């Protein structure tokens, strides 16, 4: 016989671990930026998904636009933020009249059980005459 014999491999079995391409895909997916942090003037921080850009939200009576005018800038290490506003002042903040704007944390108001004042009070169906129901169901 002229063929040479193969020696068995000393490396661990490849069937026991994930294929390398799957590991690479998982590592890449973990590195992707999925949300963006915005630090508000009141001291709160929020996270906005990158697909939700240019959508607004209201926090403590102040409307914020999550557009490019609010962004987070890093120098050096990932934990050293410098917050930048490209517009001078608070062009991205819209205050709503009639809502207090104190910077202290307050509990939310409880929802009332009664009907809102903007809706009309409908009469009870028990107060409707029997003649009305007889005419209606003919």
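Glycine is no exception: its Cβ is also placed from the backbone N, Cα and C atoms.
If you look up Swiss-Prot, you'll see 1-23 (among others) marked as region 'Disordered'.
For 1-20 (among others), the entry in Swiss-Prot reads compositional bias 'Low complexity'.
Helix, strand and coil counts under DSSP for the motif 'Nuclear localization signal' (23-37) come to 9 helix, 3 strand, 3 coil. Taken from Swiss-Prot, the feature motif 'Nuclear localization signal' covers 23-37, and the record attributes it to similarity to another entry.
Annotation comment: Swiss-Prot describes 42-59 as zinc finger.
Annotation comment: Swiss-Prot describes 85-123 (among others) as region 'Disordered'.
Feature annotation from Swiss-Prot assigns compositional bias 'Polar residues' to 85-106.
Annotated compositional bias 'Low complexity' per Swiss-Prot: 113-123 (among others), in sequence order.
The annotation region 'Transactivation' is assigned in Swiss-Prot to 124-138 on the grounds of similarity to another entry. For the region 'Transactivation' (124-138), residue counts in helix, strand and coil come to 10 helix, 0 strand, 5 coil, using DSSP.
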